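Single-structure report; data block below.
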Amino acid sequence: MGSTVIPIPDRDQGFADLQEKRKFQVSLSPIVSFVQKNKDSIKKIIHCIKVGTALVLVSLVYFVDRLYKEIGDDNAMWAIMTVVVIFEFHAGATLGKGFYRGIGTVLGGGLGCIAAILGEQVGGIGNPFIVGVSLFIFGGAATYARLIPNIKKRYDYGVMIFILTFNLVSVSGIREENVMEIARERLVMIVMGFAICICTSLFFFPTWASDEIHNSTVSKFEDLASSIEGCVEEYFRLVGDKENQSVHPIASFRNCISVLNSKAKDESLVNFAKWEPWHGKFGLFHPWGKYQKIGEVLREVAAIILSLKGSLNSSREPLQALRESIKEPCEAAGSSLAWTLRELGESIKKMRRCQSELFIVPKLKLARQGLSQVMSPFKLGKHDTAEGLAIACFVFSLMELAEKLEGLAKEVEELGELAGFNRS
């Protein structure tokens, strides 16, 4: 009968390999920690390198003699101007700006050519008159459109490019005979600059606005949860700890203020994300508008948490016994609120569907019931002093937070359905 030889691994060799692997991991850990701490700075440096690369590529028009002679100095300048003007930090912003520049250039150039040709057909003193009237009408109308809030918010750059291109092309027709040829050559240079920007922005370490708005939304949930826990814990500190409270406060409202001030940034990131192509875990028609609605609810939650600051600064000594009697239900409610925020943030982070009606809403309703029992006339009705009202305001704020989080949970659930998140 044949025999089979089973090789037995050398223990010393396996231990040596394990030691080498650990040494390699330890040697990489400082690099990984440095990259994580300076992630934003590294992105900015990469963006600067990409802009420099795009400028070098578009400047080849000047470097290559044959291209420069065919295109000319006046037209080659437009390619460089396009790169400088439309290259943005986020890929979606570059795409959006490039699209609006293209639309504004085509419309402005086309109408400018019509105005220049019409003026040339009239001839004589009628030529500058026709061009001047056209500049007045179209320039004034486009400027009025820029003053409309909805247009200014989304299409301001495109309208500005329309005004610029229309003026340059129509005025050029007064002194130049081949205005159509000039417009065509400038359009080609703009398209070339736009193509260089898109290739550099999308294919070399792209910075996605979609990733940033997704991650920033997730971090807001954690920040607000920590703020709620800090507020409740600090509110029920003992009177003797008041000196430590002033030196080492638990509650931090800095994150809440940051959330309140995030509206403009969130709107910009959502608009940029809508322009971005299908990449990573985000589809072409990802419901970015839902992130904006969730951000609005989170700002309302942050405002309610900030209103608790007055309760934390109120006097503790007169009604310390009453405060101790409501400690347990309030701490339970605060724990439920913080858990809800973290659970919602985790579902968005892992792109997992949130079943709010089964798990989250019942827990929030239970917390509200406990707080409503605290607000019974038997406990608070006899304490209509300033301190008693401050305690009542604190409890009412927690109840309002629970109600607000119920609506937030439904918004997150709708986001999961629209985006096609995985079921848990």
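Cβ atoms here come from the backbone N, Cα and C positions, even for glycine.
Automatic, uncurated: that is what TrEMBL annotation is.
As written in TrEMBL, here are the features:
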- 45-64: transmembrane segment (TRANSMEM)
- 76-95: transmembrane segment (TRANSMEM)
- 102-119: transmembrane segment (TRANSMEM)
- 125-145: transmembrane segment (TRANSMEM)
- 157-175: transmembrane segment (TRANSMEM)
- 187-205: transmembrane segment (TRANSMEM)
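With Cβ pairs under 8 Å as the measure, the transmembrane segment (157-175) is packed most heavily against 102-119, out of 45-64, 102-119, 125-145, 187-205. With pairs at least 6 apart in sequence, the transmembrane segment (187-205) and the transmembrane segment (45-64) have 3 or more Cβ pairs within the 8 Å limit; the two touch. Cβ atoms under 8 Å from those of the transmembrane segment (187-205) belong to residues 46, 50, 53-54, 57-58, 61, 71, 75-83, 86-88, 91, 94-95, 98, 101-102, 105-106, 109, 277 of the same chain, restricted to positions at least 6 beyond its ends.
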